[in-house]
Amino acid sequence: MSLSTIAEVKTFLLALQDRICTQLAQADGSAVFNEDRWTREEGGGGRSRVLTEGAVFEQAGVNFSHVSGATLPASATAHRPELAGRSFQAMGVSLVIHPRSPYIPTSHANVRFFIAEKPGEEPVWWFGGGFDLTPFYGFEEDAVHWHRTAERLCAPFGEQVYPKYKKWCDDYFFIKHRNEARGIGGLFFDDLNTPDFATCFAFTQAVGEGFLEAYLPIVEKRKTLSWGDHERQFQLYRRGRYVEFNLVWDRGTLFGLQTGGRTESILMSMPPLVRWEYNYQPAEDSPEAALYRDFLPVRDWLKEPE
């Protein structure tokens, strides 16, 4: 694989970060992203961008990183012995958006590329990524729009792509110690290296570029709804589930913290405010109860009317 090919992936990722930040700032209308450029002693660096205290977004972080090293840590090669002794590069864009309104869902997306090389041998490479939605108050039309957008971007790559990566997302973003989903899912893929580089890169681009198409219409539709302290307290309580998943189960967070990654960028996904409540139970037939009953269980949203 040529250096120009790797550079093409990096160019796409940098432009994607720019585009997402620009459109999120426009949707917010009052706040801007502050950029923090950083370098990694072992190789590489990145640029972390965070918007705080906006009119629409309480906090939004969009991070680009490109790190490299002469060898991978043992934790990375334990299940992939073919990576031992190889130099590596890993690059990606990762974002988490925590809206101010409880009626706008939290959302997460990332796209990433990994390559490990050794003189005289073929490189080992793959793409990964996806996006998922975590509502506090469910709206069926939003869930249908989210999943139909995901299905449309997958369609050119095969009819089995959406159901495969939808199921992977449902399985991955599951909080095992709570026995409940983090949200309503979306797409999740990893270790993608077939049928060829061009197809894998094109799919990864489609996912990255499709995120705002899926998310921003929901933001625009819900940002003018009025809400009060009751809804805010439930939002803060449900944010606790987000924290629990990221710190206990998320592979990317754990890998970054265990391998000396940049902590500020890794924990950029944390919400600015959160609360826990012992043995909370939503009132029967309340909008809060509807989240648990109608939205967190796995559903085929494509069967619902748009």
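Here the Cβ of each residue, glycine as well, is placed from N, Cα and C on the backbone.
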Range among 134-169, 170-205, 242-277 that Swiss-Prot annotates as region 'Important for dimerization': 242-277
Same substrate site per Swiss-Prot - residue from Ser94, Ser101 joining Asn110, Val111, Arg112, Gly260, Gly261, Arg262: Ser94
Conformational class of His147 (divalent metal cation binding site) under the three-state DSSP mapping: helix
For His98 (divalent metal cation binding site), the three-state class that DSSP assigns: strand
Among His98, His108, His147, His177, the one of these binding-site residues whose Cβ has the fewest neighbouring Cβ atoms within 10 Å: His177
Candidate binding-site residues His98, His108, His147, His177, pick with smallest Cα gap to Gly261 (substrate binding site): His108
By Cα-Cα distance, the member of binding-site residues Asn110, Val111, Arg112, Gly260, Arg262 nearest His98 (divalent metal cation binding site): Asn110
Surrounding CB atoms that lie within 10 Å of the CB of Gly261 (substrate binding site), all protein chains: 17
For Gly261 (substrate binding site), the three-state class that DSSP assigns: coil
